[in-house]
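Before any comments, here is the structure.
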Amino acid sequence: MKNYWNCSVSDSEMNLKKKQMQKNFKNTCDSVSETFVGSGIPSSTFGKNGDIYLDRTTQYYYKKNNCIWIKYFCNGYCCFKGCKGGFFCQKGDKGNNGNNGNNGEKGQKGLKGIKGDIGDKGSKGDIGEKGDIGDKGDFGDKGIDGNKGSKGDIGDTGSKGDKGDKGDKGSKGDIGDKGSKGDIGVKGSKGDNGDKGSKGDIGVKGSKGDKGNKGDKGDNGLSILSGLDIPSPDLGMDGDLYLDTITDELYKKINGEWIEITNLKGEKGEIGSKGTKGDDGNKGNKGIKGDKGTTGDKGDKGDVGNKGDAGDKGDAGKKGEKGEMGNKGDIGDKGNDGIKGDFGSKGYKGDKGSKGTKGNNGFKGDRGDKGDKGSKGDKGDNGIKGNKGSKGDKGDNGIKGEKGESGSSILFGMGLPDQNQGEDGDIYIDTLTGELYRKVNGLWVPEIDIKGDKGEKGDRGNVGDKGEKGDIGLKGDKGEKGEKGNVGDKGDIGTKGDKGNVGDKGDIGIKGEKGDIGTKGDIGNKGDKGDKGDIGNKGNIGNKGEKGDKGVKGDIGEKGEKGDKGVKGDKGEKGEKGEKGEKGEKGDKGNKGDKGNKGDKGDKSDKGDKGNKGDKGNKGDKGNKGDKGDNGDKGDKGDNGDKGNKGDKGDNGDKGDKGDNGDKGNKGDKGDNGDKGDNGDKGNKGDNGDKGNKGDKGDNGDKGNKGDKGDNGDKGNKGDKGDKGDNGDKGDNGDKGDNGDKGDKGESGSSCQIENNDGVTIMSVCTPGIASIQAYQYEITDISGLENPYDPSNISGLNFKLFDTVKGAFRTGNFTADNMTNVGINSTAMGYHTQATGSGSFSFGNNTNGIISSNGIGSFVMGITTSSGVIISEGDGSIASGYSTNSSTIEIQNNSLSSIIHGYSISGSSMRLMEGNIGSMIIGSSETGSIVQSGSGSIASLINVRATSGTISIGSMSYGSKIFGYSNNGTITISDNVHGSQISGIVTNNGQMTIGTLSHGSYLHGYADTSSTISIGTNSFGSECIGLAQNNGTINNGDLSFGCRISGWTLSGLLSTGSGSCGTILYGVAVNSGIINTSGRNFGCFVGGYCAYYGKITIGANSFGTICHGTADASGTILVGTNSTGNLVVGSSQGTISLGSTNFGSVILGYTENSGSIISDGNNRGIFMHGYSSSASLYTASGSCGTVLMGYGTSGSAINVSGLGSFTFGYCPSSGEITQVLANGSFAFGRNNTTVSENSFSLGYGARSYMPGSMAFSSFATSGNPLRAGSAQTIKVLTRNLNTEFVLADGNFPTLPYTGYGNIKAKIIGSSGTMSVLYFQVFFDGSTHTVTIPTTPAGGQIVYSNPVAVSPAPTFTPVATVPGFSVTIANPGTQTFVASFGIVNIS
């Protein structure tokens, strides 16, 4: 349902500035209405009669009549009209149509009154403070302690104290005090007075609104609409405003569309902090407490407790006969302290606890009627007059008021308004700042920032909400009914309280309780006699024994000497637990009971000294734990164990308990665990038979008969063994209760036991040193450290607080036996030995030599364990955290979902999340051979750890897992089949960082130092390995790993992809003999990088279609291995770029310098080499076929072809060689070529041919002799004439280097066309060349042509020179000549 306001002005607030503006308009008539928008109730200090105020936080609107703001709630279309004249007035007229807002009367229902009511109610809450006196009634609970005093005959009155127990119920009444606040809530009922708002009928005056009919004309002006959520497009007219009351977003309709203008919320709220003024409403919150006052009615139940006179039910106290054991309870004289319970008489005040009825005082909340002042809300009734405003419907005729549209408009914009914009009376809102302007006399005058101030009022509105809670306080009225005691009927249920009725008598008896204590003294006197009769030595000594506890320690000290034997005592740390054994010394108090001497026999239990190993074992079972200390033969714990020796006496004393069967032994027993000695007290029950003589109590003497049973109590000495059965004996006492009401007095004997009428809830102190609570749901046990839980024989535990009641389980500190053996369900364990095996368990810490364990679903474990300690959490969602040393283990075992380990484990320790730990995490440090492990199947697990000489690993099938860590001489491993996993870290000193086989898409990033390894296993597709490997470190991708990538830096290390890897990328830096390598049998892989100082970048053997790209510097090597096909090597080298042997169809491209080389090894087929060599070599090795070599060589470079059918071309300077033709059938083309293979050809400048069947065609050889010894060779040497002789390019003469003959054909051509052929022979004897000219043709010369113009014709004569040979020219004329010497050398 959307709410509509049709007003002349919107979204404007009034503050002091508005007051100033009102001064500017003070001459306007009251008929001029204005509309304001704000947060909270409008202040009466602004506005004029007829003005409209919209509270945007509540959707209420107010109209000012008679200088009072009247509240309305608009559920429909509300129109308010003002006079046509003035500013904003016409649109206000539409507001008159708001008379439909009569529905707003709902709002009138005391909303305002609620606020006032709340304040009044708060005053009532003050009365509730008196209820605090009812707390004194809690002292009445102390009166219950007085019941123990009932052991005195006077204790009968103590039963009245039971009524005091009902007073406890009265404590519930204390809660009722809060109910008194509820009384204030009653004022909220005055909010009902808000209903009086119906008086708004008086609002008939709204007929004035009829004038508003004229305002109907204003309808064409603007409408302010509101609703929940974004406005509907079909809602409203252009120029209308819409307020989203959920978001406080303000919209304006422009051209049929709703446009967001600004948000009225936000910053205003900050100012709203001022709203703290609404604190008065907070008192109304106290009224909320008044609801609790209803519970105070239960306090009335305490009244029913008066009925509790039937408290005769105290018969259940017959169990109190067990209280006869309470005679031993003479110790119960301490109950004399209960005398203080006399103060408990104040517990009568506890009756005041029924002051829950004081919630009745909440009736004072009637003062809340002052909230009737809220009836001012009745003025809101005037708003009802708006109902008459419905007559405004007639105003519909006033549509003519549309002319009034010229009245005022609400404009919006970003920034200051344009002075040419709008008309006088219009409103402009700057949507950037929330500042609102009004146009006056042609000027835009700033009025207020819409944001902010409203927020202040909004705070007040919040307080009003609290007042609504005060309405809840009405329930406090029900508390008044509680006075009627109707609620008290519920108290009837408190029949248990009937005993409490008796307690009423006890109220008087409370004072008597002091007497009761005295009576206890009387009984105590008798008891003294009885004690003596009983072998009171036990009792008397036992008392002294308490003092003797210290002395007992001295005795134990002697045994401590034996502890000296416990040199193993170094384990003495455990011995500290032995100090707890000193608590056993308290047992020694019993030792003062001469029986303690028997405890000395306990000393004979030097075998217990063996317990010294378990020094705690000396303490008796604790020493056994000491045996665990044997595990700590580190013996330090044993030292403490010496103290345990003292405890051993105590332990033997426990055995002494069994000795209780020997009455004397009873003395010793009591001395040891004197508490068990209390069981000996059962023997005292036999004594109680004597007391049966005392049977004055035996007035219930029937009980004395039971005393006969006490005779059996002697047998009961045997019963000492049945100490555990002692509780059962109490059951026997219950039988005594059957004997009669006198048993009620036995209830006073409850000095050792108090039982609730429900027969389920029992409080017992019958066992010395133990307070035992038995409850249907909740049990809290506080153990001094002298007894059970859960015996055999606890072995150095105790010291705890236990809550179980069918394994809701709770315990706090120390424990064992073995730490209470598998407690389980909903468990909590804290401090020292802890353990909580079970679902929902919680375990805390410090288990120095044992296990800290929370074995269960949702478990939590923390702690510190040393000396082979273990921290374990087995279960889903478990957390194990701690510090575990000396071969310790921190472990969350199988199938623990979302588990976490956080710990520090050293000395061979292990931290591991076992198999199936999905989403698990290990954070910590595992040192010295330790193992950190997340088991297999651990999906998305995380390990962040440091391991020294240890192992960090995630098991197989653990997808998406991560390891971040450091391993020194250890291993960081993600096992096989771990897809999408990641390792980041450092391994050093032979450490390993590995991802196992079949781990697809995995990522390894790290640093491997000192022979360490970073590797991804075989068959790991799409994985990546990045890192630094130095000092023989290795970064490696396993065999058959497709599409993987390795990148890194290696110093004397190795970066490599395994063999059989396809499409893998390997790039990096290898120095100091480092290697970047694809291991072989790689397909389509890429290797790139930089290698220096004997580093290598290599493609392994049997690789296909692989690319090797890099720089080999300072003796580095770039190499493609043997038997590879279709590979590409591209690089730069001051070392070697090499294509291994038996490569097919591969390509080498590169640059080599400084004695470097680019090489294609032998037996390669169809190889292409292309390079640049500076003082280096480019060559193909022998045995290669069909190789092509192209290159350029400088500074002594050599470009050589040694393969069959190869082709080489290039350039070398004079100091170098290009392409020595080293293989048969090869061809070299270039400069400074040499053919040294048969049937090959060398062509170029300075070409040479050395082998048979080969040929060199040389142009102007520059140095050396183009001929070489051997079989016949064909060489062409080009020469030119220098003056009259033919010389080589360097001016020297051709020579024959070896002895032998050279048959020469010289073909000479002149520049003018002369051509001649000469034949001659040269012989070289090793020092001198000799030329022989044949006779045919004459002179060996044939002249083919000599142009007529050349005359005389030149002639040519072969001659010998020094050294070598030449041809001289006669009549050269002006021609220049070249000569080609074709030489067949026969050597």
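Cβ from N, Cα, C; glycine included.
These come from Swiss-Prot:
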| type | residues | note |
| --- | --- | --- |
| COMPBIAS | 114-181 | compositional bias 'Basic and acidic residues' |
| COMPBIAS | 189-199 | compositional bias 'Basic and acidic residues' |
| COMPBIAS | 207-219 | compositional bias 'Basic and acidic residues' |
| COMPBIAS | 268-340 | compositional bias 'Basic and acidic residues' |
| COMPBIAS | 364-382 | compositional bias 'Basic and acidic residues' |
| COMPBIAS | 390-405 | compositional bias 'Basic and acidic residues' |
| COMPBIAS | 454-535 | compositional bias 'Basic and acidic residues' |
| COMPBIAS | 544-747 | compositional bias 'Basic and acidic residues' |
| DOMAIN | 95-154 | domain 'Collagen-like 1' |
| DOMAIN | 161-220 | domain 'Collagen-like 2' |
| DOMAIN | 266-325 | domain 'Collagen-like 3' |
| DOMAIN | 344-403 | domain 'Collagen-like 4' |
| DOMAIN | 450-508 | domain 'Collagen-like 5' |
| DOMAIN | 512-751 | domain 'Collagen-like 6' |
| CARBOHYD | Asn6 | N-linked glycosylation site |
| CARBOHYD | Asn794 | N-linked glycosylation site |
| CARBOHYD | Asn846 | N-linked glycosylation site |
| CARBOHYD | Asn886 | N-linked glycosylation site |
| CARBOHYD | Asn894 | N-linked glycosylation site |
| CARBOHYD | Asn969 | N-linked glycosylation site |
| CARBOHYD | Asn1032 | N-linked glycosylation site |
| CARBOHYD | Asn1123 | N-linked glycosylation site |
| CARBOHYD | Asn1200 | N-linked glycosylation site |
| CARBOHYD | Asn1224 | N-linked glycosylation site |
| CARBOHYD | Asn1232 | N-linked glycosylation site |
| CARBOHYD | Asn1233 | N-linked glycosylation site |
| REGION | 98-219 | region 'Disordered' |
| REGION | 268-422 | region 'Disordered' |
| REGION | 454-753 | region 'Disordered' |
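Close to Asn1123 (N-linked glycosylation site) in the fold, though at least 6 residues off in sequence, lie Ala1101, Asn1102, Gly1140, Ser1141, Thr1142, Asn1143, each with a CB less than 8 Å from its CB. Summed and averaged per residue, pLDDT over the domain 'Collagen-like 3' (266-325) gives 44. Taking each Cβ in turn and tallying the other Cβ atoms within 10 Å, the top scorer among the glycosylation sites Asn794, Asn846, Asn886, Asn1032 is Asn794. Reported as a whole number, the C-alpha separation between Asn886 (N-linked glycosylation site) and Asn1032 (N-linked glycosylation site) equals 33 Å.
For Asn969 (N-linked glycosylation site), the same-chain residues 6+ apart in sequence whose C-beta sits under 8 angstroms from its C-beta are Thr948, Ser949, Thr988, Asn989, Asn990, Gly991. Across the fold, the C-alpha of Asn1032 (N-linked glycosylation site) and the C-alpha of Asn794 (N-linked glycosylation site) stand 57 Å from each other.
The CA atom of Asn794 (N-linked glycosylation site) is located 18 Å away from the CA atom of Asn846 (N-linked glycosylation site).
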